[in-house]
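Noted in Swiss-Prot for the protein shown:
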type	residues	note
ACT_SITE	14	active site, proton acceptor
ACT_SITE	42	active site, proton donor
BINDING	13-19, 41-43, 305, 331-333, 414-416	GTP binding site
BINDING	14, 41	Mg(2+) binding site
BINDING	14, 15, 16, 17, 39, 40, 41, 42, 129, 143, 224, 239, 303	IMP binding site
BINDING	299, 300, 301, 302, 303, 304, 305	substrate binding site
């Protein structure tokens, strides 16, 4: 493998990045999570078990890999500690986990504010996970948030908490009519978190760059995806960070010149959670069938995902923004059994055909997808195939069409949920 690889989601998240990272982590020495919080969820099936990871990189399932939670991640210590304990209970060591001392904290008031802000938006709600991620990033931008390193310095923590404590309580009590938080309880709680997490906390920027200089192979693991990026996604129905390659450099603390290969994870169909435009959405039995067969329910929230045909306008856009070199195609098996399969290649709007995703949500809502149709394949044919040439002709046509339309080669194909259900192409 190239020394530094970045794994990015090309759609609205839930593409199966966790499985791809888990597969590629075999060849890596270091796996890094660079942005987002516990609003994300990666599901990996290994050792006959299902692991649902929210903050910890998927490389943790390998004993000899260094796993880093970078400075761009916002961390809810309670959630992280629960995740660590859950892994340890299953016999998975977390000794090789390191947490950036520069990462920002999700505080209890962030979670309350997230929930109350969503409630007040009513029908205009954004569909957040209510985990406090947006408010934490807001405080980071306002330069009023607390960081992981502050949990290791009580004096510093007290000083920083005092500057925001009264204001947050005023908002909670006067605007949202909530019970005020108690300073002493917050302080005690986070000092306890700091003690538990202290062995994991370090300067990960130095650690990562020293690893690169030593020739270690690094995998940058994205959470969420391109269409949820704060700048490039379907704003305002986006996340509060940058799940694109540029965001990985900032959130991990490495220079862009080090990234040698960008891998885009593409689900063989499209899904999204929550509100926002979705041109290829299927509001029929086919959509329901894909949801049930693909187990399309949120790892973090359990919410049913909206399902639709593969949208190459979206994927093309992600390839352009991220400079994607190769594609890992996932969940090809979920489409098995459908007599006909459609792929969107453009959007028809006011007499024109758009080949890249528009900025305007009105255009995205009102456009008409332009489809190409393909013959389907059976589940037996997909399950029996262990190499590319053994795939049914119709599936190979589907894959080769994706390559032609996006300009990126497909090199991995997911044919089932298990770790070993992957075909290597070329």
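Note that Cβ sites are derived from N, Cα and C of the backbone, with glycine treated the same way.
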Other CB atoms within 10 A, centred on residue 14 (active site, proton acceptor): 29
Whole-number Å value for how far residue 304 (substrate binding site) lies from residue 19 (GTP binding site) (Cα to Cα): 20
Distance check against the residue listed as 'active site, proton donor' for the binding-site residues 16, 129, 302, 303, 332, keeping those with Cα within 10 Å: 16
Residue, out of the binding-site residues 43, 129, 301, whose Cβ gathers the largest set of other Cβ atoms within 10 Å: 129
For residue 224 (IMP binding site), nearby residues of its own chain (Cβ under 8 Å, 6 or more apart in sequence): 9, 13, 35, 36, 39, 40, 239, 241, 243
Which recorded positions sit within 10 Å of residue 305 (substrate binding site) - Cα, from 14, 43, 129, 332, 415: 14
Spatial neighbours of residue 301 (substrate binding site) among the binding-site residues 16, 41, 129, 415 [C-alpha, 10 Å]: 41, 129
DSSP-derived class (H/G/I helix, E/B strand, else coil) of residue 13 (GTP binding site): coil
Candidate nearest residue 304 (substrate binding site) in space, where candidates are the binding-site residues 16, 43, 129, 332 and distance is Cα-Cα: 129
Closest of 41, 302, 303 to residue 16 (GTP binding site), Cα positions, binding-site residues only: 41
Which of 13, 16, 41, 302, 304, all binding-site residues, has a Cβ with the fewest other Cβ atoms inside 10 Å: 302
Nearest of the recorded positions (14, 41, 129, 302, 303) to residue 415 (GTP binding site) - Cα to Cα: 14
Closest of 14, 43, 129 to residue 302 (substrate binding site), Cα positions, recorded positions only: 129
